[in-house]
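Working notes for the structure below.
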Ligand SMILES: Cc1cc2nc3c(=O)[nH]c(=O)nc-3n(C[C@H](O)[C@H](O)[C@H](O)COP(=O)(O)OP(=O)(O)OC[C@H]3O[C@@H](n4cnc5c(N)ncnc54)[C@H](O)[C@@H]3O)c2cc1C
């Protein structure tokens, strides 16, 4: 068999690079699912000939897998086992813990603060942005900053033990009626958090002890999930919908029948929509006579403001909505008619939003502020850095805060192929990479957490969890995490 000339050139280039000390050095910002899957795929294809440094602002890894995915979905977090196995493999390849050459985790290193983006560009051959979405979309209406309106990012972070959300203290022991604005899977997670029994459903999960104790004292009885569009446009998946419908101690009150029929009028339904409709019909009012807790769907309403409770000004009395109407063709638009829903607390769940890193503008890294994402083609960013460093992105910051962990698996695999193909062409110049970054961190007195540190924190969390038959009890304070490392 005769190989084409370009293949021979590539093979020779690979061999030469393998012999050279100038291995391609890649900096990955973030340690969520997309960062890990990208690392796994890259090192699978280049087992020896690559150096990856992963920078995470938190002392511990895994991003939203740890601080977003609901505590009663442990199977989703199984990806963390795969990530741990991967780092373990890398460490055993190099024998010396924390000295592994191909992969290194730098915990508690925030890019833009502890290390500047410009320093990554100077020291690495490629920079991969995998830093997820740090903000949440806003309703943009008066009263949104009232204490009776909480955004889901904070609420989710609170029950999942994110140290930056621990001062939330949601007043669940003072409210009966909660409205969730937005109807994606995160909204459905929150319905379960608010209504499922803390003792039988949550006690043995990795929900924090603080959140569990708050839920035990909760007086919430009714939850309304409200959205601007109709049932057919609901953002939640049928799997999540079915899960919450099957709780025997929660009643699904259904939806506004009249609006629903109007909405369906003349529409041809797809398989997913038919299934959603069947689920709703099958489960409406099944537990009406037995359940103390209720939830319902409410459609075709745009929130426009809130009324505050005069007895307790820290809470709400109601949310004011503008009704929406459907025309003959099924187009939805705002009407002039107002309506209101009684609620003492509102949780907004209208999507997370990516933000640019502080140096983007100065360096000229492109960012689409409207969609909250870095513009890219298959993860590649069109940005010419003066040091010749290539830029890539993956996960939520590349997709506009959309998709689940399976989406991260797929997009990270595509990105690894793109990076590998670019590396074949790239002239690998001598760049210090990790060596220089470690010096900078030391000079700046940054207390970096290593992978071994994370394993020690995790072991302590498992130990703490054993006391209350939980898989682990998350340490929710950065200083306490660091104290574990001092013990
Ligand atoms: C509430 C909620 C529930 C979910 N439930 C599910 C589910 O059940 N099943 C499912 O498949 N998917 C679920 N998802 C989606 C899933 O979590 C995401 O698809 C996935 O986490 C996105 O991965 P990522 O790596 O792009 O971002 P992230 O997981 O957000 O990771 C980004 C990481 O970057 C770090 N970072 C940010 N800025 C910096 C910086 N300047 N320097 C250093 N590090 C930085 C962050 O701390 C974070 O660790 C859920 C998401 C949410 C919000």
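All positions are counted from 1 along the displayed chain.
Yeah, the Cβs are placed from backbone N, Cα and C, and that goes for glycine too.
Annotated NADP(+) binding in TrEMBL involves 183, 184, 185, 186, 228, 229, 403 plus, out of the candidates 221, 240, the residue 240. Annotated FAD binding in TrEMBL involves 56, 64, 111, 396, 403, 404, 405 plus, out of the candidates 34, 92, 147, 369, the residue 34.
Checking the binding-site residues 64, 111, 183, 405 for a CB within less than 6 Å of any atom of ligand 1 leaves 64, 111, 405, listed in sequence order. Annotation for residue 403 (FAD binding site): spatial neighbours 396, 411, criterion Cβ-Cβ under 8 Å with sequence separation of six or more. The full span of the recorded NADP(+) binding residues, 183, 184, 185, 186, 228, 229, 240, 403, taken as their largest Cα to Cα distance, is 21 Å. When the CA atoms are compared, no binding-site residues among the candidates 111, 404, 405 lie within 10 A of residue 228 (NADP(+) binding site). Within 10 Å of the Cα of residue 405 (FAD binding site), not one of the binding-site residues from the list 183, 184, 186, 229 places its own Cα. Between the CA atoms of residue 183 (NADP(+) binding site) and residue 34 (FAD binding site) there is a gap of 25 Å.
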